[in-house]
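Chemist: The structure under discussion is supplied below as structure tokens; questions concerning it will follow.
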Amino acid sequence: SGESGAGKTESTKLLLQHIMNLCKGNSQLEQQILQVNPLLEAFGNAQTVMNDNSSRFGKYIQLRFQNNTVRGAKLSEYLLEKSRVVQQDTGERNFHIFYYMFAGLSSEEKDMYGLLDPSLYRYISKWFGTEDVAQHWKQKYQELCNALDMVGFQEQEQVDMQAILAGVLSLGNVTFEPQENSGSLKVSEGSRGWLKAAAVSHDNFCAMISTFLRALQCITCSLCADARDSIAKVAYGRVFGWIVCKINELLAENVDPEVELKEIGILDIFGFENFAVNRFEQFCINLANEQLQHFFNHHIFQMEQDAYRAEELPWEAITFNNNEPVLNLLLAKPLGLLSLLDEQSAFPQATDKTFVDKLNSSFKGNLHFQPSRGRVLGFSIIHYAGKVQYTAGGFLEKNRDTLPANIRGLFINSVTPLLSLLFTGKCLCYDRASHMNWGTPWKQLRVGLRIRSLMVLMERMYSANPHFVRCIKPNSQKLPGVVDSQVLLQQLRYNGLLETIRIRRDGFSWRPSFEEFAER
């Protein structure tokens, strides 16, 4: 754990290398496992203002062993930041893979995928980078291709995957305009070429979006654009989920089911974030970090001191910053913030303003909640790592995670085999994890449910024997070789590491069992 940019993903890669080295083998499986992280980074990481290689999802890697030899691995992914596909703030970029493709594909391959100059695409930042950066991306693309080959992805699967990503970019350039005399909308004349490049029949596409919007009794260009963006997001999310599914299939252990395997699990989760503008995505990320901090407190302070009291040892209690009240504010049922968000998301007439009004009335007087002042529609949460002000715009829409119901049929009938597969339910290991309701869009409360799937993981970890790797960020400028002591001290304080040092110094580091002690 640690702030965004503190080095969690790099530490995970080093830890995996170390464990594979300790296995003292050089099997193909071990090499495949080492390639998983760089592969996922291409599709799940992006540049933010805090970190040039920021994980925009959480992952849990389970390594399974028999006689000190790794026999298989399984990957779980949590809360991919799909909104990044269609929108990035100033100084940020889309997922790495889009830039790698432009830098690494040959002219012939770009023609095959219908890719033009990168500056033309609305979904990727206007600033593409210097020649040096492009060269770096080209090298990264080659590394990605090697990783895909090494892990076991077939050539046609790789082609289909990139065809879908190219289609997502083209789809982002489709715009809409009113149709004369009918009051409905059509794809604008200027963007029909983009629609063709996205390999979607524009008559079907526009008709389906119009049907979806007519059900909401409101047809505007901006709503059409929202529907277009939701299609792009779900297509990218499905590709990412399929990659994880495929990795699990290729790295599954091939042993007798009766054999009991030992397991080491590594949780590499997105770091705590506090930007100039914090949205629904930052809320999800910070909630996950709040849970992780509570897990740390429970093991390091509560369980430790309970053991001393049970042994009736002379012990002066060490106080720590217990963040349980913050978690109650966020997760309590039926009146926690997440429950209220799901409740509001279930009402078609609810808006971000009615949601904020509900929060303000429900949490009046709560020490960890502050209403926003001025004209900004939002609220502040006093997290364990400090106060974060959230902009409420988009909270309901992102939590609903809607998709026009008829769009599924459009995907199933796609000429790209992989795209058809992703929406026929055959990729079951992914569908179970992120079930989509293709009926009325208001019934989908998918993101809230997926946050709770992370809570299930936390509960599993309480029964394990955890080791905590606390990553500390040296400075806020993304500079090498620079240590800002104030930035360091702030992290040591809110992480509870100063109290941890005290309990380690004053506590009992060697814990033999009574049998070990008697034998000694």
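Glycine is treated like the rest: Cβ placed from N, Cα and C.
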Chemist: Checking feature assignment: region 'Actin-binding' per TrEMBL, candidates 270-292, 408-430, 454-476. Which range matches?
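Modeler: Here TrEMBL associates region 'Actin-binding' with the stretch 454-476.
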Chemist: Does anything in the same chain, at least 6 positions from Ala6 (ATP binding site), have a Cβ under 8 Å from its Cβ, and if so what?
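Modeler: In sequence order, the residues whose Cβ lies under 8 Å from that of Ala6 (ATP binding site) (at least 6 apart) are Gly271, Cys471, Ile472, Lys473, Gln491.
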Chemist: Per DSSP, what is the helix/strand/coil residue tally across the region 'Actin-binding' (454-476)?
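Modeler: Per DSSP, the residues of the region 'Actin-binding' (454-476) fall into 9 helix, 0 strand, 14 coil.
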Chemist: Beyond the listed site residues Gly2, Glu3, Ser4, Gly5, Ala6, Gly7, Lys8, Thr9, identify every same-chain residue whose Cβ lies within 8 Å of the center of their Cβ atoms for the ATP site.
Modeler: Asn51, Gly271, Cys471, Lys473
Chemist: Would you mind checking how many other C-beta atoms are within 10 angstroms of the C-beta on Glu3 (ATP binding site)?
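Modeler: Around the Cβ of Glu3 (ATP binding site), 24 other Cβ atoms lie within 10 Å.
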Chemist: Within the domain 'Myosin motor' (1-520), what mean pLDDT does the predicted structure show?
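Modeler: Residues in the domain 'Myosin motor' (1-520) carry a mean pLDDT of 86 in this prediction.
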